[in-house]
């Protein structure tokens, strides 16, 4: 089963996915790292200190990588971790964070003020959640505000375990659309 773990930068995707990789031995594809390592991008955006992913190249590379991972008998879950994961997977978990907290997290990382504000604004208008609805069949949402990576990883586990066991009715608390932060960023 391929599941996307997406969200605005700073919501906890990488921390959570690394915990799940250790605890559950689920295979994780850190898509942003793959894009950089294998040069699956069209250009370097100096202003934003990032690369512009070539989604055609990304989509053509992933099936081979996922097939290799799924060959391992114990491996039932592959998680695609990235703020771009919702463009690729049919099932996605969107990690969210209250924009003022998100700003603090990104400032700690040393992001420029412009990049911090751009990401906080994207979070306040539900940008990634809205895109996930457009691209994915199943969308779940987890609020990471004031929570540890371990607590959030527990929620991700609950969602994935429920999907694997066919018990989606247990997942109403992760239904998207309950968070409204439009007024949180000036």
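Here the Cβ of each residue, glycine as well, is placed from N, Cα and C on the backbone.
What Swiss-Prot annotates here:
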BINDING   10, 12, 13, 14, 15, 109  ATP binding site
REGION    30-53  region 'NMP'
REGION    108-118  region 'LID'
Chain residues in Cβ proximity to the region 'LID' (108-118) (below 8 Å; excluding those fewer than six residues from its ends, i.e. six or more beyond): 9-10, 48-49, 185
Cβ-Cβ distance under 8 Å to residue 12 (ATP binding site), same chain, at least six residues away: 95, 97, 144, 149, 152
Cβ neighbour count within 10 Å of residue 15 (ATP binding site): 16
Fewest-neighbour residue among binding-site residues, criterion Cβ within 10 Å, set 13, 109: 109
Neighbouring C-beta atoms (10 Å sphere around the C-beta of residue 10 (ATP binding site)): 26
10, 12, 13, 14, 15, 109 excluded, remaining Cβ within 8 Å of their centroid (ATP): 9, 11, 16, 105
Sequence-distant neighbours of residue 14 (ATP binding site) in its chain (C-beta under 8 A, six or more apart): 30, 81
Integer average pLDDT (0 to 100) for the region 'LID' (108-118): 94
